[in-house]
Structures are given as C-alpha cells and as structure tokens.
Amino acid sequence: MQWRALVLGLVLLRLGLHGVLWLVFGLGPSMGFYQRFPLSFGFQRLRSPDGPASPASGPVGRPGGLSGPSWLQPPGTGATQSPRKVPRRPEPGVCGPAHWGYVLGGRDRGPDEYEKRYSGAFPPQLRAQMRDLARGMFVFGYDNYMAHAFPQDELNPIHCRGRGPDRGDPSNLNINDVLGNYSLTLVDALDTLAVMGNSSEFQKAVKLVINTVSFDKDSTVQVFEATIRVLGSLLSAHRIITDSKQPFGDMTIKDYDNELLYMAHDLAVRLLPAFENTKTGIPYPRVNLKTGVPPDTNNETCTAGAGSLLVEFGILSRLLGDSTFEWVARRAVKALWNLRSNDTGLLGNVVNIQTGHWVGKQSGLGAGLDSFYEYLLKSYILFGEKEDLEMFNAAYQSIQNYLRRGREACNEGEGDPPLYVNVNMFSGQLMNTWIDSLQAFFPGLQVLIGDVEDAICLHAFYYAIWKRYGALPERYNWQLQAPDVLFYPLRPELVESTYLLYQATKNPFYLHVGMDILQSLEKYTKVKCGYATLHHVIDKSTEDRMESFFLSETCKYLYLLFDEDNPVHKSGTRYMFTTEGHIVSVDEHLRELPWKEFFSEEGGQDQGGKSVHRPKPHELKVINSSSNCNRVPDERRYSLPLKSIYMRQIDQMVGLI
Ligand code: DMJ
C-alpha cells in the first residue's frame, strides 16, 4: 500500500514539476488564439553563460568576448544581427483597423472581427470579474489610505498608518524626494476615481484637495516627482471637471472656480527656482517648496528627471497663457539633447547641470532615461511641435542602432529574440547585463509609434520574468537569468504596456496577462490595510509601503484593460496618459500658443524680423507674478473640432489607441 502511494506521489510530483516548468518557461497554454499570434518566447532560448556576468568590466560586448546569449554582442557582428531599421510608420489613414490587421497577420481584418473570433478565449463574464477585481483593488487601497493615512502622503499598509517626509533624515531621498507633506496619494489618485466612474468620491476628493492641500511647506522634493505625481494630477482632474462633455459621468464640482489650476500654478511657481542659476538650463533636481534650491544642493541630475517635465509644464503654460513653464521645460530638453554623443546620438543617465559633463554614461531605456524618450513623443502628440517628433525619431533610431540586440524579427530567424541593453553612450559598448523593471514601459511607447511587432516581443520578455516570480524584480540579470535587485514596489510599467498592447491588437492573450498580474498582486502583496511593496520577489517578504503610483497607475491600467466600454477608449475623445498615468485629452486647445502674441517662437526675432522680448531665467519670477494666473481657460475653445491636419498627426501617432 505504502509502495503504491509512493509511486503515485512520484508521478504526481513529476506532473507538478512539468506544470511549473511549463508555466515558468512558456508563456501559457497553447490555446486557439495563439495560433494566429505565434509567440514562442522563454528563458530556455538562452544558452547557459560560461561564467558569471562581470558588469562593466572586461571585454563584454566585444565580438568574440564572453560567450552566452547573442545580446552580449554589439549589433552588426553576426549574420543576423545588423542594426534594425525603424519600421516604416503607417501612413496617415492606414492606421487603425488596417494596421491592426497587419499586426495580427491578416491585413484585411479589423479589430472587431478579431474580437468576435477570440471572444470565447476570454469570456465576457471573466472580463467583468477581472474588472471588478481591479476596481476592488483600488478601492481597498484608497479606502485604507483615507481611513489610516490621509492627510499624510502615503499609506503604510501593513501597520495601517500614514507616512510623511522623513524629517529625521533629510538624506533619505527614497522617501523625501516623493513625499512633500501634501497628501500625495489622494492627489495622485484623483483621475483614477473619475476613470472608474465614481463621481461622488471624485467630487469629495477634489473638494478635500482644494480645502486641505497646501504647497507652502518646508519640504525639499524632487522636481520631477512633484511634477508628474502632483502637478500632472491636478491638471488632469481640472480638465476632467471642466470638460463640457463629461464622458465619465458627472464629474463637475459645484461653484468650481479653477482652483485646481491655481494650485497647479502655485506648485509650478515653487518649482521654478530649480531652473534658475543653472549654466546649462538643465534644472536642479530638488527644490524646497518654501525656500527654493537648498544651498547644499546636488548639481547632478538624471536625464529623465530633468528632461521629462514638458508635458505637465506645457499643459500648464497653454492653459494659463503663460509661456514661462513650457519655456523652461523645453530649454531643459534641448540642453540635454545638445549634449548627446556625436557618434552614437545617445544620452547618458546622469549629468552635471553646471558643466554639462556626463557623470553617468550609461544609456538604456530604464531608470534615468525612460520618461525622457516617452515625453519627446508625448509632447509631440499633445502639442504638435515638430521638433519634439524629430528628436524622438532620431533617439529611436539610435536606440535601434546601439541598444537593441538579438535578431531582427521578433519571432523568427536565428539568434536570440530582441532585447534592449544598457550601453556606454559614447562607445555603444555593453555596460552591464541587467535590465530594470522601469524599462517595461517601452513596449507601450512602441505601440504609440506603431512599432507593435517589436513591442510584442519586448513585452513577452518581461511577462516571462513576471511569470517566474509573480512580480518584476527591480533589476533582472539576463546573463545569469536571475534578479540582481529583488524588490518590487507595485510598479505599473508591465501593466501599462499590457493595456496598450491589448488596445492595439485586441488579442485576448493580453487579458490573460492582466489576469495573471492581478492574481499575483492579490496573492503576494495584499496585506491588512492595502497592498505592500514586495521586498524580495523570491521569498515574497513585504515592506510597509504603498507608493502613490499603485493607485494612479497600476490599478488604473488594470481596470482599463478589462473595462471594454470605458470612455477612455470609447468616448470618441482621444486620451493620452502622462508618465504617471494621468489622462489628458488630446485636443486643439493644447496645440495653440496663447502667448504667441507676446513672443516669437524663434530666438529674439519675430517673423517680420523685429526683435522681440524673450523671457530670461532671471525674469521668470517677474513674468509669473505679473500673472497670467487670472487668465482662465476659455471654455469655448474646448468645443472646437480638431483641425484635420492635427487629426492626421494624431492618427499617425496614436491611431492604435
Ligand atoms: C511612476 O512614478 C512613473 O511611472 C514614472 O515615470 C516612473 N516611476 C513610477 C512607477 O514605477
């Protein structure tokens, strides 16, 4: 009897092991819908490395250097590894269904047909169940924040307490860069409430923000974090409130007098000192909201931090009719852009704002650079300024030339599947063998430009890592096939890309990915009063922190993935997401330059050759206090139809959404 039980046990163990291997190394069951969506990607493709990775040392990346995956080799060193040409963008008018057809392999099929065909692969009831699970996730986190943490910045979900800046340790930048003592989580979550159609809570939350949040605080925060999490959210909520169409339900606020816009202006003015007294025009990374740039401040900033302020600052400028904010943000982008390597066209990840010297020469798609690229494209989508698109296109080509390794096509040909690695900005040489979890946003950006096939592939790589750990480690070493940095702070990037790829392809594969992510978040991160950071993706221990982007991004993208009829994709208005996931409608009004009557676009001269006044850094405050602040957005402008030329541009850029 015992003997039989032993044999049965061994058989079951073997079957279980097979199941685990299949889940870890494959991308999931071979169901019908994969037949038209042939993705075969898993870690088994990698050859075992001969030895441990040696980051940034030795001949890594040189032809004939270390053996291992072909990602170690620079582009152009193997028969199948020439630098990839950026695929031709769909022509205006070819976007949409025809392009979707192309993505899925049948040129003549529109998304509806695919939806019909695959609807059985993810039943509508299951979709509704997942949508409710995502909403429940948000509500649990939000309610607990309101009950245990508000008015503090963040929720400590394990001990059910609030968290504010670490006054005892000003060098604790992990906390102090983000937490400004301004009810961060509530502010950051505003538009998620609207997207989920919760008008009563949205109205309550907006009033609470108006009545209780102040920026007159002795807090030294990172300019970038304050911009994307707070400024961006205030502007997004303001636009939702003042939208004459109200697609999310009644999100109007009784007697609303543009208070959120004024608050955004107040915050932005407090951030402006970061742009003064900098020799390059690249801003200081941190300011004190009361006193300006601290005397002992650091002159080094990361590229993404300094160069991804243009969307929020540009929106603010265009709503107020005050060029100052856009001007300083644009000046920073251009200053960084001009410092790119002449040889590779790449930028590094850390720069000295006074000397323009690159302190960090690593060029990649993750930490330090991610949203820099994202905002070149998104600024163009929003404002229609051609130079932003030109910079983006050039950057994208350099990325293809130097960062992309592996074979040319996603799912066929010899060699390893493509991967984007970290290289030295000047030489293009590989600097290390890890990628970080922030880089998982990139497939979403590729969807926006129509490079969907490559997006599918990179997303699959990240999903394979997720499947292995039930989360994304902060850094994953692709040579060792193991995490380098083990925490997962509930980041949204993989969900964001999953959502955008689902919108582009309508392939239910992405719903399965979303379900998988939802379920592992529930399983490993849900704690007594919210969702906790995973301290260790392998042993699944947790940390007592729930970052505000969990509510503003992770939950929002998960919800939108399953909420097929959400106004974000069904109302007829085109929405763009800021890097913090805040929705902004793409409309004509934001493509106007309300200050054109005062300043010409090109340096110092108007079109008639007359010299005109340009704002100089030392004049910034004067310009602001002479204030355009009272100039409120003209409601009539909102109802103008988009000009067809802009429509075409938008189609070209966001036609897939
Ligand atoms: C968010 O604050 C934003 O998405 C930002 O662009 C990157 N980091 C976090 C999420 O991981």
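Just so you know, glycine gets a Cβ as well, placed from its N, Cα and C.
For E225 (active site, proton donor), applying a Cβ distance below 8 Å and a minimum sequence separation of six or more within one chain yields D177, V178. According to TrEMBL, the feature active site, proton donor maps to E225 (among others).
Residues annotated as active site in TrEMBL: D370 (among others). Neighbour list (D370 (active site), Cβ cut-off 8 Å, at least 6 residues apart, same chain): A304, L438, Q439, F441, F442, T579. For the recorded site, D370 (active site), the DSSP three-state label reads helix.
For E474 (active site, proton donor), the same-chain residues that are 6 or more apart in sequence and have a Cβ closer than 8 Å to its Cβ are D436, S437, P483, V485, L486, F487, Y488, P489. Under the heading active site, proton donor, TrEMBL lists E474 (among others).
Sequence-distant neighbours of E493 (active site) (same chain, six or more apart, CB under 8 Å from its CB) are S437, L438, Q439, A440, F441, G444, Y462, L472, listed in sequence order. Taken from TrEMBL, the feature active site covers E493 (among others).
Among the features that TrEMBL reports, Ca(2+) binding site is placed at T579.
The compositional bias 'Low complexity' annotation in TrEMBL covers 50-60.
According to TrEMBL, the region 'Disordered' annotation covers 50-93.
Taking E225, E474, T579 as the candidate recorded positions, the subset whose CB lies under 6 angstroms from any atom of ligand 1 consists of T579.
E225 (active site, proton donor) falls within a helix when secondary structure is assigned with DSSP. Of all Cβ atoms in the protein chains displayed, 24 besides its own lie within 10 Å of the Cβ of T579 (Ca(2+) binding site).
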